[in-house]
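Presented below is the structure to which this report refers.
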């Protein structure tokens, strides 16, 4: 039984106990959303799906829209430190009391209907958005697309950043199957911006079935990287000598193309001023420089490959140490392999979740001669800190939870 005086932390503990084994089905979720008056929105809806780059694409959309004077809501997941990070209104998180109130509203209407944690908090987020007069709402898909809780809302424009191999136990073991799930966000006669160059056949099939209008990279829009600037090309505009960004250029370009396909007017001077300032915690976040201490949420092979490229760009002259925690359902070898020839010593440990790869499981994948398997991420980091010199680097990565645990340390 929920007490009306529950704090946010108590609410979250309660929500974590909700049905974890329920078969994903949006029917009941839509029923509750309709009762709450959430299915129809006056706001323009962006829905962002894809394997990598969802968060950074959302961040670019949010920044450019805000700096252009629009009222913007953002729903994203997971959070790194505090739950309130998941919902932003006009660039700011909300007070805990507002989240608690939205939870109470969902619980009153739920009346025993089984929901997962993510389904519950998605309804709560939509309640919060409804209370504000927003020009647009940006919804970051949690997992896949077709059966994701965010997909109860019909988007005006959807985005698929890319298609990679991840969450194979749920989405399928190949790109064709994974694309089929992500394309669940497609809507009839609506545009979907595609940032993937190697488009699986299933994406074309579903677009044809749903009469979705695909706007594809390298066909309808494109970008190119130069030495210290980049260019963007779209059917209506060409932008040259754009400043370098702190987020992946693929994310910046995908967001930019999406805005040009939307009803929103973004001035070129805003793009040039704002796009280089977009940053996202946990995405190649530099904590210090002497030595380099860098955190990154890379948790699949594609993201690990990008992380490896970013490490090359900063020209570390000394040794590189890695502090790594990974979930057991991930492609562990695929995550560590892109960095294998860079890492002098691995410090790895289980994470604080039942989904973690255990010490025994980690031992199977990491090289014996230069790996220490510790009890926790905190101990792993402290061990690395003993060895590191000012010309060296420590890279903390492998999962959102790895970065979250590290950033929560009182060090």
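From the backbone N, Cα and C atoms, a Cβ is placed for every residue, glycine too.
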Same-site ATP binder from 296, 312, given that Swiss-Prot records 53, 54, 55, 56, 283: 296
Largest tally of Cβ atoms lying within 10 Å of a Cβ, found at which of the binding-site residues 56, 77, 116: 56
Candidates 54, 167: member of the binding-site residues with the richest Cβ shell (10 Å): 54
Candidates 55, 116, 117, 119, 167 (binding-site residues) with Cα within 10 Å of residue 77 (Mg(2+) 1 binding site): 55
Binding-site residues compared (147, 149) - highest count of Cβ atoms within 10 Å: 149
Alpha-carbon distance [residue 167 (Mg(2+) 2 binding site); residue 296 (ATP binding site)] in Å: 19
